[in-house]
Amino acid sequence: MARIGLVAHDDKKDDLCRWAERHRQKLAEHELWGTGTTGSRIIEATGLSVHLLKSGPLGGDQQLGAMICEGRLDVLIFFIDPLSAQPHDVDVKALTRLATLYDVPLANNKSTADAVLAAV
Ligand SMILES: O=C(CO)COP(=O)(O)O
């Protein structure tokens, strides 16, 4: 069982919910962690159990970063919106930096997320 973080920027939340619905059965085998709004949307869309952290802009990205550096997260699925500025861009950068630093598989789009999930 892998510990999987699920995060999406606002314009990508629908995409991540559809992706989670498509992979519902496989995701149910794992321990899921989500930032507040993303996690709630996934619970609503799929009925999956997701541990909810703070909303991203309120520290949820940093909580996931802390999980990574403490060895408590195995995979990060983070659908980033490349077309919008984020008020908490520094937190987004910190999270992706820590995932890279600790060699945690990081999927920023659907194709990569498909590949990563197939490997866990
Ligand atoms: O902002 C986010 C990631 O940077 C996601 O946070 P929410 O899931 O709370 O919207």
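Every residue gets a Cβ built from N, Cα and C, even glycine.
Features as listed in TrEMBL:
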ACT_SITE  Asp61  active site, proton donor/acceptor
BINDING   His9, Lys13, Thr35, Gly36, Thr37, Thr38, Ser55, Gly56, His88  substrate binding site
DOMAIN    1-120  domain 'MGS-like'
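Overlay of TrEMBL feature records on the structure.
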residue : record                             : DSSP (3 states)
His9    : substrate binding site             : coil
Thr35   : substrate binding site             : coil
Ser55   : substrate binding site             : coil
Asp61   : active site, proton donor/acceptor : helix
His88   : substrate binding site             : coil
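With all protein chains in the displayed structure included, the most crowded Cβ environment within 10 Å among the binding-site residues His9, Thr35, Ser55 is that of Thr35. Each of the recorded positions Thr37, Asp61, His88 was scored by the number of other CB atoms within 10 Å of its CB, and the largest score is that of Asp61. Excluding His9, Lys13, Thr35, Gly36, Thr37, Thr38, Ser55, Gly56, His88, which define the substrate site, the same chain contributes Val7, Ala8, Asp10, Pro57, Gly60, Asp61 within 8 Å (Cβ to the Cβ centroid), listed in sequence order.
Distance from the CA of Asp61 (active site, proton donor/acceptor) to the CA of Thr37 (substrate binding site) is 12 Å.
Calculated from their C-alpha atoms, the gap between Asp61 (active site, proton donor/acceptor) and Thr35 (substrate binding site) amounts to 7 Å.
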